[in-house]
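What TrEMBL lists as domain 'FAD/NAD(P)-binding' is 7-321. Among the features that TrEMBL reports, disulfide bond is placed at Cys43-Cys48. If you look up TrEMBL, you'll see Lys52, Asp306 marked as FAD binding site. What TrEMBL lists as NAD(+) binding site is Gly178, Gly179, Gly180, Tyr181, Ile182, Ala183, Cys184, Glu185, Gly265. Taken from TrEMBL, the feature domain 'Pyridine nucleotide-disulphide oxidoreductase dimerisation' applies to 341-449. If you look up TrEMBL, you'll see His439 marked as active site, proton acceptor.
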Amino acid sequence: MANHDCDLFVIGAGSGGVRAARLAAQLGARVILAEAAQLGGTCVNVGCIPKKLYSYAAHFADDFRDAVGFGWRVGEPRFDWATLRTNRAAEITRLNGVYRKMLVEAGVRIVTGWAQFEGPHQVLVQTAGGRHHFSARHILVATGARPSVPKFPGCERVVTSDGMFDIRPFPARLLVVGGGYIACEFASIFNGLGARVTQLYRGELILRGFDDELRRFITQEMRKHGVDLHTHADVSAIERRPGGLWVSLADGRHVTADAVLYATGRIPNVAGLGLPAAGVAQGKDGAIIVDAHHTTNVPGIHAIGDVTAKLQLTPVALAEAMAVVHRLFGPRRREMSYEFVPKAVFTHPNVATVGYTESEARKAFGEVTVYRSEFRALKHTLSGRSERTFMKLVVDRASDRVVGVHMVGPDAGEVVQGFAVALKAHATKAQFDATLGIHPTAAEEFVTMRQPVVH
Ligand SMILES: Cc1cc2nc3c(=O)[nH]c(=O)nc-3n(C[C@H](O)[C@H](O)[C@H](O)COP(=O)(O)OP(=O)(O)OC[C@H]3O[C@@H](n4cnc5c(N)ncnc54)[C@H](O)[C@@H]3O)c2cc1C
């Protein structure tokens, strides 16, 4: 142990890596963290944070229109893409600095460069200054994932989510390909910012993995908001023509666009990492295979976050980081649980969910009772907007436990976060019923639904 350069060598300073490095250092371990790009990883630089800032920007489009019904007279709103880009970039740079300060203060040594394995305890980092060899008692891989674009004629003309935050000029006509949460969020955001957005998804219903009724509901709401969403549609080729990008679809139709965003999947960041040099076992798309303690087949090498291709969310990467570090260096164990992980999709309107979909619950519990409500929020009685809100509870009939909470509506993530605590605490429908609502809110509907829709 004493011969190693550090107790923990972390590769990747994203959500998981930063949390692991800082916590391990705070617990007294000697920590080195290698990062090839900016501190903060996907979430801070090209994921959750800039995406949410842009989502706020896009919501103003609705707010200006809604204000009129409340007596406000606003001039013709004009959106300036350059201002948003500049302000976002400044905020991200600020956050990069906060991360650096936090890590340095905790005692973490940061090495800027590309890291790769040279053996089970050896890492090489190629920095601007040269090649540096390190040995470590434990190595944690937290290298994340990146967008993957299928090969087809013209695929080099597409942008991925990484390029959307700084795309220039603003794409007046945007084609979004994909039906997952990233595709849907960008479709909503650019639609709100004023682009004419067409979205193509080759499956039947967007947002695979979410509750089917919720998926149908958000499809209808996104269309009402102006996203021209086509399912059972796929791209066969893209050419540049005088009027823009000419996108041929598999069924013979075509779309003309200024930009084509491909958000059809993400693959683990393992290329060039030298995993074979350490003998680390990999699965589909190169994902690092780990056990329940996030350790690979090689003792001393661990992996967390998107590179393990489990639940690719920042809070999951953070929780995995804490579980690993507490097990290796902490006084107490802290196990990771994947049950009742809440999720939000920042479409317009927002989607949020925790627990089982109706069909998953039927498989897991057998008999379930479902409560559903759909309404026009109070605000829209005066705004005149036709947007509707959807709420659904799935209850295990035998135990009366609420096992699924699903919502489409404004600030759904803020609402469902609180209900996630209730589900973790195994709350029953009777306890939901005994809870008083906060009036007048949309969220109160979750504790006032009495009439089941499925017996
Ligand atoms: C557009 C978008 C929106 C998202 N929105 C949300 C959201 O709203 N909520 C949510 O919870 N999650 C969201 N996510 C997912 C979230 O960003 C990821 O789950 C999270 O960042 C994963 O953290 P990580 O630590 O596994 O990897 P990352 O954050 O990706 O960090 C990996 C780091 O490793 C570095 N690296 C890779 N290889 C090497 C190497 N060999 N040497 C040195 N450094 C290396 C990379 O440069 C990177 O900085 C979003 C993702 C995207 C793309």
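Note: Cβ is positioned from N, Cα and C throughout, glycine not excepted.
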Recorded positions whose CB lies under 6 angstroms from ligand 1, from Gly178, Gly180, Cys184, Gly265, His439: none
DSSP-assigned states of the domain 'Pyridine nucleotide-disulphide oxidoreductase dimerisation' (341-449) in counts, ordered helix, strand, coil: 37 helix, 33 strand, 39 coil
For the NAD(+) site built from Gly178, Gly179, Gly180, Tyr181, Ile182, Ala183, Cys184, Glu185, Gly265, further residues of that chain with CB within 8 A of the site's CB center: Phe186, Ile206, Leu207, Ala263, Thr264
Fewest other C-beta atoms within 10 angstroms, as judged across Lys52, His439, which are the recorded positions: His439
Cα-to-Cα gap, Cys48 (disulfide bond) vs Gly265 (NAD(+) binding site), nearest whole Å: 16
Per-residue pLDDT averaged over the domain 'Pyridine nucleotide-disulphide oxidoreductase dimerisation' (341-449), given as an integer: 98
Among Gly178, Gly180, Gly265, which are binding-site residues, the residue with the most C-beta atoms within 10 angstroms of its C-beta: Gly178
Chain-internal residues, separated by at least six, CB under 8 A from Asp306 (FAD binding site): Gly14, Thr42, Gly144, Ala145, Arg266, Pro268, Asn269, Gln312, Ala317
Shortest C-alpha distance to Cys43 (disulfide bond) - which of the recorded positions Gly180, Ile182, His439: Ile182
Cβ neighbour count within 10 Å of Cys43 (disulfide bond): 24
Recorded positions (Cys48, Ile182, Cys184), the one with most neighbouring Cβ atoms at 10 Å: Cys184
DSSP state at Gly178 (NAD(+) binding site), helix/strand/coil: coil
Spatial separation of Lys52 (FAD binding site) from the residue listed as 'active site, proton acceptor' - C-alpha basis, Å: 28
Taking residues Gly178, Gly179, Gly180, Tyr181, Ile182, Ala183, Cys184, Glu185, Gly265, which bind NAD(+) in the record, the widest Cα spacing (Å, whole number): 14
Gly178 (NAD(+) binding site) to Lys52 (FAD binding site) - Cα separation in whole Å: 19
